[in-house]
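Have a look at the structure below, then the notes.
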Amino acid sequence: MRLIVVSGHSGAGKSVALRVLEDMGYYCVDNLPVNLLESFIQSVSESKQNVAVSIDVRNIPKKLKELTTTLQKLKSSIDLSILFLDADKATLLKRYSETRRVHPLSLSDECHTLDQAIDLEKKMLKPLKEIADILLNSSNQSLHDLSEDVRYRIEGKERNKLIMVFESFGFKFGLPTDADYVFDVRFLPNPHWEPALRPMTGLDAPIKTFLESHDEVLELKRQIQTFIEHWLPLLEKNNRSYLTVAIGCTGGKHRSVYLTQQIGEYFAAMGHTVKIRHTTLEKRNKE
């Protein structure tokens with residue numbers, strides 16, 4: 001039996017993750033009180049069916065260390081993974097505004113506004129986030145994208161095979177929170193200053209031609225590939241389920257997109273399981 005504990009910020013997609021796990025054949029329990037967790041696990045320990053349990057901020061102990069200690073203890077005896085759903089504050093505020101739902105902490109004595117409730121929840125859940133095995137940030141994802149991401153990460157962990165995620169981003173929109181390695185490529189020649197190239201993206205052939213005409217672009221691409229290749233065997237040996245490499249330029253449209261696509265395709269051609277994402281382009285397409 002495998003157990004996945006699903007937690008995270010309210011509005012970040014816990015219910016979506018639980019539905020995906022249910023579709024994958026997991027027996028799912030929503031908002032199980034933490035004090036029942038150990039006894040529940042004992043009752044299903046002989047089952048051959050995988051189990052997923054979601055833990056809400058409302059039913060965690062006041063001393064969160066009790067929960068993290070319990071989870072660490074359980075990890076030594078069963079196959080347990082913690083899936084944590086995260087999202088930035090602006091996204092959570094927007095989602096609550098659109099759905100008009102009440103945040104679970106909004107009615108507490110410590111919170112009088114949605115803004116305060118989100119801040120308190122982030123503070124309360126920080127220790128749990130720090131011990132998560134799978135951390136997903138749903139800020140720029142649609143329900144479909146998040147569902148696919150959850151399925152991808154869980155299936156990768158079940159296969160015990162490292163999944164390589166390459167994502168481009170724009171620094172002006174903020175750093176990705178789920179990256180293991182971040183490469184800043186803002187020092188490279190910028191196609192943005194070429195009027196004919198400005199409307200294009202790093203996926204277009206003229207941008208590729210422009211960037212590959214500069215030796216420093218090709219050298220950086222080679223060095224990033226070499227760095228990852230060098231450390232990949234140790235990362236795989238460490239039983240990681242995924243490796244996320246983020247490459248950022250100013251706007252996330254040209255340089256970072258080109259390098260992310262090229263490097264992702266390079267490792268895919270070597271036989272690795274690779275997922276390529278262009279976060280800024282995805283965001284613009286939705287708009």
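We number each residue from 1, going along the chain as drawn.
Heads up, the Cβ atoms here are built off N, Cα and C, so glycines get one too.
Among the features that Swiss-Prot reports, ATP binding site is placed at GLY8, HIS9, SER10, GLY11, ALA12, GLY13, LYS14, SER15. Per Swiss-Prot, GTP binding site is recorded for ASP56, VAL57, ARG58, ASN59, and the stated evidence type is sequence analysis.
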Out of SER10, SER15, ASN59, which has the highest number of nearby Cβ atoms, where nearby means within 10 Å of its Cβ, if these are the binding-site residues?
SER10
Cβ contacts within 10 Å for ALA12 (ATP binding site), all chains included, total 24
How far is it from GLY13 (ATP binding site) to VAL57 (GTP binding site), counting Cα to Cα, in Å?
14
Can you grab the distance from GLY11 (ATP binding site) over to VAL57 (GTP binding site)? Cα atoms, rounded to a whole Å.
12
Let me know the DSSP-derived helix, strand or coil state of GLY8 (ATP binding site), please.
strand
How long is the line from the C-alpha of LYS14 (ATP binding site) to the C-alpha of ASP56 (GTP binding site), rounded to the nearest angstrom?
9
Long-range same-chain neighbours of GLY8 (ATP binding site), Cβ under 8 Å, sequence gap at least 6?
LYS14, LEU83, PHE84, LEU85, ASP86, LEU125, LYS129, LEU136
Give the sequence-ordered set of same-chain residues, not counting GLY8, HIS9, SER10, GLY11, ALA12, GLY13, LYS14, SER15, with Cβ within 8 Å of the centre of the Cβ atoms defining the ATP site.
LEU85, ALA87, SER138
Determine which residues of this chain, when ASP56, VAL57, ARG58, ASN59 are set aside, have a Cβ within 8 Å of the centroid of the GTP site's Cβ atoms, and list them as they appear in the sequence.
ASN31, ILE55, ILE60, PRO104
Spatially, and counting Cα to Cα, which of the binding-site residues is closest to ARG58 (GTP binding site)? Options: HIS9, ALA12, SER15.
HIS9
Residues that sit under 8 angstroms from HIS9 (ATP binding site) by C-beta distance, when 6+ apart in the chain
LEU85, ASP86, ALA87, LEU92, ILE118, GLU121, LYS122, LEU125
Most Cβ neighbours within 10 Å, among the binding-site residues LYS14, ARG58, goes to LYS14
Determine, using Cα-Cα distances only, which of these binding-site residues is closest to ASN59 (GTP binding site): SER10, ALA12, SER15.
SER10
